[in-house]
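> The Fe cation binding site annotation in TrEMBL covers 111, 154, 158. The active site annotation in TrEMBL covers 155.
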Ligand SMILES: CC(C)(C)[C@H](NC(=O)Nc1cc(F)cc(F)c1)C(=O)N(CC(=O)NO)CC1CCCC1
Ligand SMILES: [Zn+2]
């Protein structure tokens with residue numbers, strides 16, 4: 001089972017690498033990895049397990065954060081609007097279209113691979129369409145908005161060696177862009 005010690009931290013070259021496409025059908029090993037990744041995120045949101053294993057409460061994870069150079073990511077969090085969990089295990093994800101409008105988390109972003117706080121707004125597309133494959137090899141097409149769109153873009157950035165703070169305007173970190181709206 002994965003714990004925080006398996007997650008590489010800022011400064012490790014693995015976080016600045018462009019990850020390789022996963023060959024399909026996925027191997028037993030890659031299936032195990034993406035299942036371990038989802039289990040880690042679920043564990044991190046379980047108060048008892050998170051306390052016992054000292055896990056930060058996560059909502060998404062990309063394989064490069066485990067120093068695994070493969071285009072795989074997981075997303076899992078409770079969506080209040082849907083009143084249900086949003087759960088995705090995505091292989092070779094690609095943003096195939098996006099809104100012009102941008103959005104951002106008013107509190108800024110953090111990262112499981114970054115131990116210190118780096119204040120500032122991270123502007124992302126408000127709505128995206130993502131194509132990829134699920135672990136069963138089925139092609140999936142996801143239309144994401146609000147927090148789900150932010151998490152997906154944060155994780156896809158990891159597959160391209162991009163960190164959230166690369167997007168912060170260091171002249172004026174909390175200045176919203178003109179066509180951007182906060183996601184509460
Ligand atoms: C960096 C960290 C603070 C651990 C962040 N956690 C998080 O957002 N937790 C959270 C938020 C909720 F709204 C509800 C809830 F149940 C738990 C996170 O997992 N990530 C994922 C990450 O680092 N992936 O590489 C950072 C987020 C910043 C914006 C999107 C993902
Ligand atoms: Zn991250």
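Including glycine, each Cβ sits where the backbone N, Cα and C put it.
Keep in mind that TrEMBL annotations are predicted by a computer and have not been checked by a curator.
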> Around the recorded Fe cation site, report the further residues of that chain (criterion: Cβ within 8 Å of the mean position of the Cβ atoms of 111, 154, 158; site residues excluded), sequence-ordered.
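Along the chain, the qualifying residues are 60, 62, 65, 109, 112, 113, 155, 157, 163, 164.
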> Specify the count of other C-beta atoms within 10 Å of the C-beta of residue 158 (Fe cation binding site).
25
> Where residue 155 (active site) and residue 111 (Fe cation binding site) are concerned, what is their Cα separation in Å, rounded?
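That separation, Cα to Cα, works out to 10 Å.
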> Among all the protein chains here, how many other CB atoms are within 10 A of the CB of residue 155 (active site)?
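Other Cβ atoms within 10 Å of residue 155 (active site): 23.
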> When you measure from the Cβ of residue 111 (Fe cation binding site), how many other Cβ atoms are you left with inside 10 Å?
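A 10 Å sphere around the Cβ of residue 111 (Fe cation binding site) contains 21 other Cβ atoms.
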> Including all protein chains displayed, how many Cβ atoms other than that of residue 154 (Fe cation binding site) lie within 10 Å of its Cβ?
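Residue 154 (Fe cation binding site) is surrounded by 24 other Cβ atoms within 10 Å.
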> Can you see whether DSSP assigns residue 111 (Fe cation binding site) to helix, strand or coil?
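Looking at the DSSP assignment, residue 111 (Fe cation binding site) belongs to a strand.
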